[in-house]
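Colleague: This is the structure I have questions about; it appears just below.
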Amino acid sequence: MIVEPNGGSGACTTTGCLADLNEQCPMELKAEGGGACKSACGAFGSPEYCCSGAYSTPATCRPNIYSEMFKAACPRSYSYAYDDASSTFTCTGADYTVTFCPSTPR
């Protein structure tokens, strides 16, 4: 999926992911039926993967092997709770074109 801003001001940057994450999803994250790949939080529900409890701050909730796998496949996508620096963009007053299953990389 690709999200392209049209017009607007600020950090108006095209973002999204071209990778098929289902193809590289670890077995422990595969949803029943294989049609989706869960986050580590969704699969395990533990505080260290969900950035909750003792892991609820940017200092204590760090990337893990699963979020790093997602980040490697989709560098501009949000991969865990505090992945703000490389994955959030502020674009004021824009329209957006969302393309599902793009045929060519952008």
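Positions of Cβ are set from backbone N, Cα and C atoms, glycine also.
All TrEMBL annotations are machine predictions without curation.
Pasting the feature list from TrEMBL:
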- C12-C91: disulfide bond (DISULFID)
- C17-C74: disulfide bond (DISULFID)
- C25-C37: disulfide bond (DISULFID)
- C41-C50: disulfide bond (DISULFID)
- C51-C61: disulfide bond (DISULFID)
Colleague: Would you mind sorting out which of C12, C17, C25, C51, C74, C91 (the disulfide-bonded residues) have a C-alpha within 10 A of the one on C41 (disulfide bond)?
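Modeller: If one measures from the Cα of C41 (disulfide bond), the disulfide-bonded residues that come within 10 Å are C51.
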Colleague: Using a 10 Å radius around its CB, how many other CB atoms surround C25 (disulfide bond)?
Modeller: 19
Colleague: Using DSSP with the three-state reduction, classify C12 (disulfide bond) as helix, strand or coil.
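Modeller: In the DSSP reduction, C12 (disulfide bond) maps to coil.
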Colleague: Provide the number of Cβ atoms within 10 Å of the Cβ of C51 (disulfide bond), excluding the reference atom itself.
Modeller: 17
Colleague: Which one is it: of the disulfide-bonded residues C25, C50, C61, C91, whose Cα lies the shortest distance from the Cα of C17 (disulfide bond)?
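Modeller: Going through C25, C50, C61, C91 one by one, the closest to C17 (disulfide bond) is C25.
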Colleague: Which of these disulfide-bonded residues is closest to C91 (disulfide bond) if you go by CA atoms: C25, C50, C61, C74?
Modeller: C74
